[in-house]
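Participant: Quick one: the structure is below, questions incoming.
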């Protein structure tokens, strides 16, 4: 009993440490805030690459394809610009600073570190580091700018404009010295890295950190760790997706952005795993891939309580929102359903991964599925009807995995109802 209590306490401490870490949460929230930008670009790429010969020929011959691809160019290929501002903004707000001011400083410093090329006597910013290639530098700059800004403010290196000046103007001038200090520091950083073999901090971080880290966390083993830990946390009443997502969401979104950029350029998709892959296969019906269990409850339960709950939550589960089901049964600390809750998502991602490796199904484009997008729709938007067929197969498989455990749960609920009725009648007879 003590070991169980210590284990639960350890999980809770892990959850609190992750959710309470302002830096991790600012990174995760910054990426989440950038998702509308990603979705706009993703749909632009999707419309420009619909695999219908007559359609492709039409948009190519009429010159519409570059126009349709334009939103992708200023979103997917410039994602780091949005991310550096939004992460800096979120972190500054959590530190009680002016988020817009700090976000703008971070954007300036990011551009300072970005190498400028000369093409036909014209200075240009290479799009390589404005998109997926610059995401880790964007994260570093956003965090570093906030640290420098906070230090300067704590040292009281501010320009006080007095009480008669509007607050917005006053806040801007309060951070002016901090902005100058940041600009000087990042100009020095850019100059130092220009002298190295890499030529820029972007190239250095991309080759020494971003590529190796994406390779490890974007591997099949890394995926299984994230999926398993997330669902174990759910079983103890901790929002596993939110806790682990603070770590994997930025990494997986970066992988999806690289896939989308490759799709736009007509290149092979470099990654199997990404945010879209995780959501579409690990969360069929929500955490624990519970849509199969929901179907069993709605149509096969003998217990009226389970049947009503199953039918009430069927639509939300179809939209990948299963909190009403998780807390309604409840699945939390429920030994009967714990095993299929953990196993089903692992089975799903394993089958999807190896079918992709074997080229039975194509790689996902990496279009982020918005919250509330129904099952089937979230995979159809990834570019192949084969994903819909696989999701159907996995729902049937998940239903089979949950079935023996559901039967036990249903029997227990029927027996509980019978005892409750018997006890109620006994009390009534005594009265």
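Note that Cβ sites are derived from N, Cα and C of the backbone, with glycine treated the same way.
Here the structure is a predicted model, which means the values were calculated and not measured.
Heads up, here are the entries from TrEMBL:
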DOMAIN    7-405  domain 'PTS EIIC type-3'
TRANSMEM  23-47  transmembrane segment
TRANSMEM  67-88  transmembrane segment
TRANSMEM  100-120  transmembrane segment
TRANSMEM  127-152  transmembrane segment
TRANSMEM  172-193  transmembrane segment
TRANSMEM  213-236  transmembrane segment
TRANSMEM  275-299  transmembrane segment
TRANSMEM  325-355  transmembrane segment
TRANSMEM  375-403  transmembrane segment
Participant: Hey, which bits of the same chain come close to the transmembrane segment (375-403), Cβ under 8 Å, at least six residues off its ends?
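Facilitator: Tertiary neighbours of the transmembrane segment (375-403) are 46, 49, 51, 276, 279-281, 284-285, 289-293, 295-296, 318-320, 337, 340, 343-344, 347-348, 351-352, 355, 360-362, 364-367, 369.
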Participant: Find the member of 67-88, 100-120, 213-236, 325-355 that has more C-beta pairs under 8 Å to the transmembrane segment (172-193) than any other listed stretch.
Facilitator: 100-120
Participant: List, by number or range, the same-chain residues at least 6 past the transmembrane segment (213-236) whose CB is under 8 A from its CB atoms?
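Facilitator: Cβ under 8 Å, 6 or more out: 8, 11-12, 14-15, 136, 243-245, 247-248, 251-252, 254-255, 271, 273-274, 277-278, 282, 287-288, 326, 331-334, 338, 341-342, 345-346, 349-350, 353.
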Participant: Is the transmembrane segment (23-47) packed against any residues at least 6 beyond its ends, judged by a Cβ distance under 8 Å, and which are they?
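Facilitator: Non-local partners: 68-72, 74-77, 79, 82-83, 86-91, 94, 139, 142-143, 245-247, 249-250, 253, 256-257, 260, 263-264, 365-368, 370, 381, 383.
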Participant: Name the range, of those listed as 67-88, 100-120, 275-299, that has the largest tally of Cβ pairs under 8 Å with the transmembrane segment (127-152).
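Facilitator: Per the Cβ count, the answer is 67-88.
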Participant: On the 0 to 100 scale, where does the mean pLDDT of the domain 'PTS EIIC type-3' (7-405) fall?
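Facilitator: That stretch averages a pLDDT of 88.
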